[in-house]
């Protein structure tokens, strides 16, 4: 009971609650108070602006003053901190903190909160010029220059901001026209001109901004120092050394390295093709004589033989009328073009029934093709095997092909052979009656018990 009574008596004697009530009546809603209990300190928040007779457009700097008041106040100095500074440099913020600390130490033991708040306003009023540079032109602000402040406390020269707004309005108009051309429907409403620093929507009067004078900034001529000149010389020598060793890549030369120009200059006329203007016209008789002479010269030139493509085909072992031994490959040259045959007789390519060889039209005898003037290709001449059905003896051995004379066997012509409709691949071979044993021809082995087509 005694402890609680002493605590209540101490709260009644504490000057902080009464001082806070006075501050709330002066600053109204600008002051925010967070009351603590007996162990935690109180906190007071207030946003300070320069004293400009409530003209907000002339207030270019501000900050939020935070005071943490301990339980032993006023016999203990409150903790001072600055938050959310606008238009102030770090150096200025540090100076403001030091100035407020000196005021608090001087008023130790008395009510000092009002003095701290008013000292902060006084410092802001004296430094009502924003520190820093215009983010558009990157020049600092001077006292006699026309500059403006946005609601988000960012600062620009009036002339620079007017140019920025005009540019952004043109960009927005171009985007709207492009969307209308492409028939794009935007669900979100188009946002106006935004702050170039924080992208907050701007509230501006373009006419008044354009009427402001252009900021005059002194043009500073660059004069390199001796150290910078020495570094330039060293870099120049290094560049030359790298260029000599091929370490510098020329982008233009590399780009045109594999460039092929399709534009060629017109070729000059040769003396032979140029028209001789001084030459007199000749009569028609002379022209005809010259033409006949040129034709005679051309007729005396040696005529080259026509080049014919030699087509060859290979025969592999298998069933057929011209079957060969396994592992043996024969090649034959197809008949040459008709214009190279000379005065040869035309042969009928139609094949009679029974598989007889082709014969010339109007004749019943088998003739041998005369040899051409020059063989197109030295290959083995394929001979047609006899197709007589009653042949029972051993077939004659094929001799080497030759163009020197007639062969022991008849030769087929160069015409294409066709198989009759009622013949099978094995019907062109001679057949033995059933039960007469195997038929052997030379070293070739045929299947046993071959039957003829007619008998069964």
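Glycine is no exception: its Cβ is also placed from the backbone N, Cα and C atoms.
Taken from Swiss-Prot, the feature Zn(2+) 1 binding site applies to 134, 137, 157, 160. Per Swiss-Prot, the feature Zn(2+) 2 binding site maps to 152, 154, 195, 198; the stated evidence is similarity to another entry. The compositional bias 'Polar residues' annotation in Swiss-Prot covers 288-332. According to Swiss-Prot, the compositional bias 'Basic and acidic residues' annotation covers 364-388, 410-421. The domain 'RWD' annotation in Swiss-Prot covers 18-127. Taken from Swiss-Prot, the feature region 'Disordered' covers 269-456. Taken from Swiss-Prot, the feature zinc finger applies to 134-199.
Feature map: Swiss-Prot annotations on the structure.
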residue: 134; record: Zn(2+) 1 binding site; CB count, 10 Å: 21
residue: 137; record: Zn(2+) 1 binding site; CB count, 10 Å: 16
residue: 152; record: Zn(2+) 2 binding site; CB count, 10 Å: 13
residue: 154; record: Zn(2+) 2 binding site; CB count, 10 Å: 21
residue: 157; record: Zn(2+) 1 binding site; CB count, 10 Å: 25
residue: 160; record: Zn(2+) 1 binding site; CB count, 10 Å: 22
residue: 195; record: Zn(2+) 2 binding site; CB count, 10 Å: 17
residue: 198; record: Zn(2+) 2 binding site; CB count, 10 Å: 10
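The distance from the Cα of residue 198 (Zn(2+) 2 binding site) to the Cα of residue 137 (Zn(2+) 1 binding site) comes to 17 Å. Secondary structure at residue 134 (Zn(2+) 1 binding site), as computed by DSSP, is coil. The two recorded residues, residue 195 (Zn(2+) 2 binding site) and residue 157 (Zn(2+) 1 binding site), show a Cα separation of 13 Å. Restricting the average to the zinc finger (134-199) gives a pLDDT of 85. For residue 152 (Zn(2+) 2 binding site), the nearest of the binding-site residues by C-alpha distance turns out to be 134; the candidates were 134, 137, 160. Here residue 154 (Zn(2+) 2 binding site) is compared against the binding-site residues 134, 137, 160, and the shortest C-alpha distance is to 134. Taking the centre of the Cβ atoms of 152, 154, 195, 198 as the Zn(2+) 2 site, the nearby residues of that chain (Cβ within 8 Å, site residues left out) are 150, 151, 153, 196, 197, 199, 200. Secondary structure from DSSP puts residue 157 (Zn(2+) 1 binding site) in a beta strand.
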